[in-house]
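J.: Quick paste of what TrEMBL says about this protein:
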type	residues	note
TRANSMEM	27-47	transmembrane segment
TRANSMEM	59-82	transmembrane segment
TRANSMEM	103-122	transmembrane segment
TRANSMEM	134-154	transmembrane segment
TRANSMEM	166-183	transmembrane segment
TRANSMEM	203-222	transmembrane segment
TRANSMEM	234-259	transmembrane segment
TRANSMEM	265-287	transmembrane segment
TRANSMEM	308-326	transmembrane segment
TRANSMEM	332-352	transmembrane segment
């Protein structure tokens, strides 16, 4: 790569090229980014509902199981990223073909932009509620949503460096607050018994919910782990943040709601005098997680529009996501996004299998020009995995009791088997 090309690649945050060693970060930086991305609305809601259904002991075990599964899966995607130093969307080009990957990348981008809009809208509503209750101010939701989204876009325009700095600044506060809120709720007092609510959650469905709450994050993990100093740090950063940190965060998030018997975080925090810090937690958690959605969706779109700068793509997607939030699209988006979520785990399984089985000697971007533009087995495996995940979600097929994991296993076994046979055939011909 020439000096001019290197400067251009850096300005685009290496969206279409491998990350050079001079731009890598430590495992702790990556761990903070991941933790910043998992603290948010979905974690508070899922953890409080699971805690209320199973009780403290069984909920903690479910959190540990789910976090352990996510940590192991994330370790694989992180290893693949650190080995290739490529983003998720460049890796899909090796698995689906340069043209075929565009379909997979569009699916991921739509999902991320949709969740960006949903989170932005919920954040605007939460901020309006808090400002009205505390200060008596009634600020329109649309104005708060625009301001919050502008902050998210501003950080993301600085690329991985901006995300890294945001995580280092916000994560210590968020973790400290969760510990303090759990302590303040006094869960082990004789007058505060942890409330058990009637709910549809069983232990298996609880583990499935924990895994499902961040499985898409595992699939796009290469967007961040490609910046790891080496493969070892890429792997342990994910094992610590997802395998250890995620269960701890879910336990801490569940305790106040379990004590109060209420899944509404702000309402619970209001009863123990922590509504302002809780509001900041929601703001910071939404900020850090939405920044990741915006950044990864921009990386995805950059493979479709390689001549447009990453910053311009980030800004445009931010405007689109904000517009969707302003028109209350979340009432239509959430159901669609949940269904779309079944299609994402197989993508991660397929690109990991491609790198680990068919690309054991490395991923050379220049090789893509001489390979099939569309790799049909990638799409067949993707469809089969998604279909198995759908059947699992509706209790027709039950491989692991976790739909996203069933989809992942089915697609990886089919794709890996065919690619291994193809690689053996090439060796035999030579």
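Glycine residues also receive a Cβ, built from the backbone N, Cα and C atoms like all the rest.
Show me how these features fit into the shown structure, please.
T.: Sequence-remote contacts of a segment are chain residues at least 6 beyond its ends whose Cβ falls under 8 Å from one of its Cβ atoms, and for the transmembrane segment (166-183) they are 29, 32-33, 35-36, 39, 155, 249, 251-253, 255-256, 269, 272, 274, 277-278, 280-281, 284-285, 287-288, 291.
Beyond the transmembrane segment (203-222), the same-chain residues lying 6 or more positions past its ends with a Cβ under 8 Å from any Cβ of the stretch are 34, 37-38, 42-43, 46, 50, 53-54, 58-59, 61-63, 65-67, 69-70, 73-74, 77-78, 80-81, 84, 86-88, 91, 108, 111-112, 238, 242, 246, 250, 292, 296, 341, 344-345, 347-348, 401-405, 408.
Sequence-remote contacts of a segment are chain residues at least 6 beyond its ends whose Cβ falls under 8 Å from one of its Cβ atoms, and for the transmembrane segment (265-287) they are 36, 39-41, 43-44, 48, 119-120, 122-123, 126-127, 129-130, 133-134, 148, 151-152, 155, 166, 170, 173-174, 177-178, 180-181, 184-185, 253, 256-257, 259.
Within its own chain, the transmembrane segment (308-326) has Cβ neighbours under 8 Å at 11-13, 15, 109, 113-114, 116-118, 120-121, 124, 142, 145-146, 149, 152-153, 156-157, 159, 293-295, 297-299, 301-302, 333, counting only residues six or more beyond its boundaries.
Long-range contacts of the transmembrane segment (332-352) within the same chain, counting only residues at least 6 positions beyond its ends with a Cβ under 8 Å from a Cβ of the stretch, are 73, 76-77, 80, 88, 91-92, 94-96, 104, 107-108, 110-111, 114-115, 117-118, 212, 215-216, 218-219, 324, 378, 381-382, 385-386, 389-390, 393, 403-405, 407-412, 415.
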J.: Which bits of the chain, at least 6 residues beyond where the transmembrane segment (234-259) starts or stops, bring a Cβ under 8 A of a Cβ in it?
T.: 27-28, 30-31, 34-35, 38-39, 43-44, 46-48, 50-52, 56, 59-60, 63-64, 66-68, 70-72, 74-75, 77-79, 81-82, 175, 178-179, 181-182, 184-187, 192, 194-195, 210, 214, 218, 221, 225, 228, 265, 268-269, 272
